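Q: Under the heading domain 'Major facilitator superfamily (MFS) profile', TrEMBL lists 43-495. The transmembrane segment annotation in TrEMBL covers 105-123, 135-157, 163-191, 203-222, 228-248, 302-322, 342-360, 367-388, 400-425, 437-459, 471-496. The region 'Disordered' annotation in TrEMBL covers 256-282.
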Amino acid sequence: MGSIVEPGHEPAAEIRKPLGIRFVEYVKGGIISYKTHQAIVLVVTFLAYASYHAARKTTSVVKSTLDPASTEYGLTFRKRRALSQSDGLRASGWAPFNGSDGSSLLGELDVAFLAVYAMGMYFAGHIGDRVNLRIFLTIGMVGTGVFTSLFGVGYWANIHSFYYFLAVQMLAGLFQSTGWPSVVAVVGNWFGKKKRGLIMGIWNAHTSVGNITGSLVASAMLNYGWGWSFVVPGIMITAVGVSVFLLLPVTPESVGVSDNDDAQDSTTKVGDGLTEPLLTSSDSDMKHRPVGFLEAWKIPGVAPFALCLFFSKLVAYTFLYWLPFYISHTAIDGEYLSSETAGNLSTLFDVGGVVGGVLAGHISDRLNARAITAATFMYCAIPALFFYRSYGHVSLGLNIALMVVTGVFVNGPYALITTAVSADLGTHGSLKGNSRALATVTAIIDGTGSVGAAIGPLITGYMSSTSWSAVFTMLMASALVAGLLLTKLVVAEVAAKIEEARPRSAASAAAEV
């Protein structure tokens with residue numbers, strides 16, 4: 001529908017509302033309110049990124065079907081032959097992943113996907129600040145759906161070439177990279193800083209909802225052939241992509257609405273009793289000029305949070321891609337679970353992730369301390385990982401409880417940094433009112449994190465064939481480094497809290513006198 005127009009540059013006479021918005025207004029017989037537009041943005045972007053993660057999650061569920069017995073578990077696999085009717089497929093696997101190097105090949109698919117995803121993220125953010133995000137996001141979602149489905153087509157086409165699956169995964173990663181910078185930028189355009197942590201913490205549940213949906217759909221489809229585990233999520237994300245094209249309003253200006261209350265909320269204190277808007281500038285050209293890549297890196301806080309996310313996402317994505325495989329290859333109370341059951345059980349990690357994201361966002365809002373909150377969660381993830389590895393095998397109930405707790409502390413800071421922190425930094429005061437940095441900053445932070453997300457699953461693919469304990473040691477060390485990288489920001493936030501407390505103490509002492 002029309003050419004790609006830079007957001008923020010739409011003359012009033014040339015406002016092109018999405019077809020779905022125009023249809024709703026036609027049925028309603030009037031203009032949709034600002035609050036209604038906000039609700040549409042939250043719902044549409046929530047479904048959009050949930051569908052991204054649903055498509056991304058399928059590989060982890062199908063791993064145990066493609067590679068039923070790694071070298072470490074070949075001797076114990078016979079004990080599991082009678083678990084389900086689908087074990088016949090599991091026993092034979094799918095070439096080329098059913099050999100002794102199957103785990104390594106699957107790990108290489110993960111790293112190929114995530115490496116292209118990470119590199120594409122940097123370009124996607126740069127492009128996203130310069131084009132219509134609604135069209136950009138639609139293209140990314142439809143492309144993701146096509147290449148996710150093509151992976152599954154290998155089942156019916158009887159394709160056994162590793163390079164086919166590698167190429168498909170890389171192209172899927174490229175299209176997936178359009179998602180996160182786009183949705184965060186759109187949400188950031190519609191919501192000010194007030195309660196941003198809580199709002200985005202709740203909204204970020206789309207990550208876990210997508211993972212859960214992807215796990216359940218992929219697990220259910222295994223009974224009909226593993227190809228369906230890819231094709232169905234591919235169709236789902238394509239359908240949601242169409243709804244994005246029809247409904248998503250990118251900015252208030254693009255649909256000709258404004259909200260005075262929101263403008264008042266987006267102020268920060270400067271000095272004693274003075275306020276200035278987060279995004280103000282006397283130079284309108286400066287306000288709409290896209291921020292350069294290197295310029296965005298220099299924004300205070302971007303580098304440490306980006307590096308922190310590198311290690312945080314390494315931990316989170318190792319669970320995303322390998323948790324079902326780990327569960328199916330670990331005797332829980334002396335019994336092994338089928339691929340379908342392990343995939344379903346792994347969703348509880350994401351249930352904990354939902355709680356962690358909301359909790360981290362709420363706490364950071366109440367304390368006004370993003371770094372303190374993120375670092376604390378990362379430190380708490382260390383004992384959570386240790387206890388899950390050490391005692392998760394004792395019983396199914398204990399495994400579930402420890403898995404949920406681990407999900408809370410692993411996904412909490414990951415959710416906080418990729419949402420509220422990215423949006424905060426994308427509207428940082430050093431930008432002097434430039435409102436065109438959200439997608440670029442988000443892409444830098446999440447792109448750097450995605451490099452870690454690529455490395456974690458790759459290393460796990462090799463280490464898991466030798467020792468899962470070594471894998472968990474790597475994850476605990478990564479969580480520690482992630483927390484330490486925020487030390488300077490934590491100290492600054494603590495110092496700021498102390499400074500804020502001194503005037504209150506002095507005022508209280510004066511009142512008592």
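The first residue you see is number 1, and the count goes up from there.
A Cβ is built for glycine as well, from the same backbone N, Cα and C atoms used for every other residue.
Note: TrEMBL annotation is automatic and uncurated.
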Q: Ranking 163-191, 228-248, 342-360, 437-459, 471-496 by the number of C-beta pairs under 8 Å to the transmembrane segment (203-222), which range is first?
A: 342-360
Q: Please identify the stretch among 163-191, 342-360, 437-459, 471-496 with the greatest number of Cβ pairs below 8 Å relative to the transmembrane segment (302-322).
A: 437-459
Q: Six or more residues beyond either end and a Cβ under 8 Å away: which residues meet both conditions relative to the transmembrane segment (471-496)?
A: 301, 304-305, 307-312, 314-315, 318, 322, 369-372, 374-376, 378-379, 381-382, 385-386, 388-389, 410, 413, 452, 456, 459-460, 463-464
Q: Using a Cβ cut-off of under 8 Å, list the residues of the same chain at least 6 residues beyond the transmembrane segment (437-459) that approach it.
A: 107-108, 110-111, 113-115, 117-119, 121-126, 128-129, 133, 177, 180-182, 184-185, 188-189, 290-293, 296-297, 299, 302, 305-307, 309-318, 320-322, 414, 417-418, 421-423, 425-428, 431, 471, 474-475, 478
